[in-house]
Amino acid sequence: MTYKLILLRHGHSEWNAKNLFTGWVDVDLNDQGRAEAARGGELLVENNILPDVLYTSLLKRAINTANIALDKADRGWIPVKRDWRLNERHYGALQGKDKAQTLAEYGEEQFMEWRRSYDTPPPPLDDNSEFSQAHDPRYADLGDALPRTECLKDVLVRILPYWESDIKADLKAGKTVLVTAHGNSLRALVKHLDGISDEAIAGLNIPTGIPLVYDLDDDFQPVKPGGTYLDPEAAEQAILAVANQGKK
């Protein structure tokens, strides 16, 4: 038996367009992102891959991407599970900062270490910052678990228990699962699925709005490592654009 998992990074956001570090700041999609989300839903229909259950983060850019895609696929009625553990990586004190300015200020080596290394987080975000989530009611129950900064390793640590307890359980029940989340939370999950090394994960980019489908075997190993993008040509072009963020 194989299990079907669909990963969908949220569409282009207002801060993607402004080239800002976003993290846990709850910005919305822009027009491009809404169009990407709609196209993502159309791709699901065209390939007859329709989800039975949806997982999203608590951030509106992922929630709205899922809503638009599911509306296009006429699957707005499926069960929805939202959890903070699918949130984007917390970028600490970099949240709200311009990527190009950060690159110019700190140099490429430090910039890339913060942005792409597996285990080096940026400096923590002060709770009094306008970009802090310390007083956000959706995280009121987290207590000390609320991050002030994260590296990709931290994201993997929070996602894996949720993958094991919830997402995998729905897959085992024979459901086609859609996870609509973020660049780094999805990179962490793909790292686990594909067994990508701590070093190689730095080179993995996930494009916005293009469904990535994994067929998993009985041991939850990918039948095809890396999965399959439902629009491979668009994915290749978009991956290059993601890789070049901050260099303009």
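Placed from the backbone N, Cα and C atoms, the Cβ positions cover glycine too.
According to Swiss-Prot, the features are:
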ACT_SITE  His10  active site, tele-phosphohistidine intermediate
ACT_SITE  Glu88  active site, proton donor/acceptor
BINDING   9-16, 22-23, Arg61, 88-91, Lys99, 115-116, 183-184  substrate binding site
SITE      His182  site 'Transition state stabilizer'
Open item on the list: Quiz question: given the recorded positions Arg9, His12, Arg89, Lys99, His182, which has the greatest number of C-beta atoms lying within 10 angstroms of its own C-beta?
Closed with: Arg9
Task: Rounded to the nearest Å - Cα separation of Lys99 (substrate binding site) and the residue listed as 'active site, proton donor/acceptor' - done: 16
Open item on the list: Using the alpha carbons only, what distance in Å do you get between His182 (site 'Transition state stabilizer') and His10 (active site, tele-phosphohistidine intermediate) once rounded?
Closed with: 6
Task: Of the recorded positions listed as Gly23, Glu88, Gly183, the one whose CA lies nearest the CA of His10 (active site, tele-phosphohistidine intermediate) - done: Gly183
Task: Per DSSP, three-state class assigned to Arg9 (substrate binding site) - done: strand
Open item on the list: Taking only same-chain residues 6+ apart in sequence, whose CB is under 8 Å from that of the residue listed as 'active site, proton donor/acceptor', what do you get?
Closed with: Thr22, Gly23, Trp24, Ser57, Leu59, Ala181, His182, Gly183, Asn184, Ser185
Open item on the list: According to DSSP, does Lys99 (substrate binding site) sit in a helix, a strand, or coil?
Closed with: helix
Task: Distant-in-sequence Cβ neighbours of Trp15 (substrate binding site), under 8 Å, six or more positions away - done: Phe21, Thr22, Val25, Val27
